[in-house]
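Over in TrEMBL, the protein carries these features:
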COMPBIAS  429-438  compositional bias 'Polar residues'
COMPBIAS  497-512  compositional bias 'Polar residues'
DOMAIN    121-190  domain 'Ig-like'
DOMAIN    199-285  domain 'Ig-like'
DOMAIN    292-378  domain 'Ig-like'
REGION    420-440  region 'Disordered'
REGION    487-512  region 'Disordered'
SIGNAL    1-17  signal peptide
TRANSMEM  389-410  transmembrane segment
Amino acid sequence: MESLILTILVILPGVWSGDWEVTLEHQCALKGTSAILKCDYSYPSGHTVTSVSWSKLQLRYNGQRLVALSPPHFNYVGNYQGDCDLRINNVQFADEGAYYFSFETTGDRWTSETYSYLFVRGLTAAVQPSTVTEGEDVRLICQSGCPQTTEFVWFRDGQPVSGSEFQASREDAGRYHCAVKGQETARSASVALDVRYAPKKVTLSVSPSGDVIKGDTLTFSCSSDANPPVEETGYRLYKDGQLINSRQKHTISEVQLGDSGRYHCQASNDITWGGSGLFNSTDVLLDVHYQPMNTSVSVVPEHVLEGSSVSLTCSSDANPPVDSYSWYKMAASSSSMTQVGSGQTLFLPSMEASHTGLYLCLVRNSVGENNSTEVLLSMAEKQKSSPSIPVLAGIGVCLCVTLVIVLLLFRRKRRSNAGEKQPVFDSGLSRSQSSATEDPSDAVYANILTSPSSAPLTIVSASPRNSHPHGSMSYEEEVLYSTVTIKPKNTKHHTNSSRAAQDSWSTSGENSDSVIYATVVTPH
């Protein structure tokens with residue numbers, strides 16, 4: 001029996017006695033992390049642990065007291081054999097304070113005489129420098145306040161950042177916070193990094209959007225991504241390279257055709273003026289649409305003959321271009337117009353009287369319509385056919401050639417006759433008489449009359465005048481008349497030469513065989 005009791009005493013813990021003792025450690029924890037308060041306890045032999053508990057010392061207006069802790073914020077992670085660790089989840093600043101451990105055994109209750117003090121600290125993030133110009137170096141610093149070494153991670157606007165040192169760009173601007181690696185819920189308050197940069201992403205917008213119609217109201221607006229932001233006067237608006245406005249917005253109350261062109265916006269801030277250059281938007285093409293205007297009709301040919309073809313062509317200034325042409329003709333019996341065709345050109349292959357009249361064309365585009373003034377189409381009478389110019393020219397040439405040939409032949413004939421002609425008189429009328437007696441049938445009678453103022457008659461021959469340099473006859477205003485009568489063979493013989501000469505003179509105008517020669521001599 002004694003041996004059995006001895007065996008049981010050996011198995012029961014604490015039988016061989018010991019002191020009541022609780023060993024605690026102070027702890028520093030970061031806000032948001034989980035902290036474990038280290039604890040060891042011991043008790044005399046012969047006791048069995050029946051319960052354990054943790055409590056926190058709270059200060060009140062009437063003193064202080066211990067307040068029991070409960071899950072899930074507090075969890076006992078020890079055992080009943082000497083380990084009394086306490087786990088505190090998601091530590092908050094309110095958890096800071098003194099903690100006591102208590103346990104009960106089958107024979108007594110024990111509360112630690114000392115406490116475990118929990119220090120709660122937060123993470124502190126810093127950006128050095130907090131304001132930088134694009135391209136400068138930046139360093140991120142995270143401080144915890146607890147002495148133990150902890151590895152941190154960084155976030156910018158909630159997104160992880162790979163490093164804590166970098167060259168700043170505009171994309172690096174934002175709010176940063178640090179956290180404990182593995183316990184990212186333990187995070188610092190966020191801090192801002194301000195990155196200053198020149199304007200980029202400069203844009204020019206036109207309102208309202210869509211097609212611009214002549215007469216519309218239009219507003220140009222400039223915008224940009226810049227830090228510091230571009231001021232109102234930091235924008236410039238250009239049209240075809242010429243400055244037209246120095247504000248962020250520009251309004252055209254009534255758009256005209258001259259407002260068409262290429263527009264762009266330019267932006268600048270104090271970083272720009274520091275040497276980063278000016279930044280331009282992409283070009284915006286303003287194409288002002290308008291209904292057709294200056295519509296006119298041309299007629300080819302201008303003078304139309306019956307049966308010939310004629311074309312009426314319509315032209316107009318429009319944007320967008322004209323997409324519809326209609327031709328109208330005024331009815332002969334009324335003032336109403338009748339559509340007679342479509343298309344830019346109205347072609348009449350054979351002109352008729354029914355085609356004459358007033359015509360106009362109506363043009364349309366997506367903006368509106370416009371018509372030309374009325375054009376009168378008339379028909380000219382057909383001309384009688386006349387010799388063509390080449391034929392007339394040929395006839396003229398032939399006549400000229402013929403005339404030249406006749407003149408040449410006539411001149412040649414005169415020269416030939418002058419060389420063969422013999423003197424008509426040798427020594428007055430006596431020569432005529434002697435000649436008449438020789439051959440009555442072939443006698444030639446000549447009556448020579450001189451002007452009253454003439455000198456006495458001298459010998460006249462067919463030779464040129466310069467062959468008688470000593471002649472006494474005057475040639476000024478002298479007219480010599482000669483009548484030559486050719487007698488037929490059955491004519492009666494006349495013995496009186498003087499009478500014959502007179503009869504010859506008197507009948508010279510009636511006898512068809514008579515030839516009158518007149519020579520006008522002018523002085524040299």
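Glycine is no exception: its Cβ is also placed from the backbone N, Cα and C atoms.
In terms of DSSP helix, strand and coil, the domain 'Ig-like' (121-190) has 3 helix, 39 strand, 28 coil.
Per-residue confidence over the domain 'Ig-like' (199-285) averages 91 (mean pLDDT, predicted model).
For the domain 'Ig-like' (292-378), residue counts in helix, strand and coil come to 3 helix, 51 strand, 33 coil, using DSSP.
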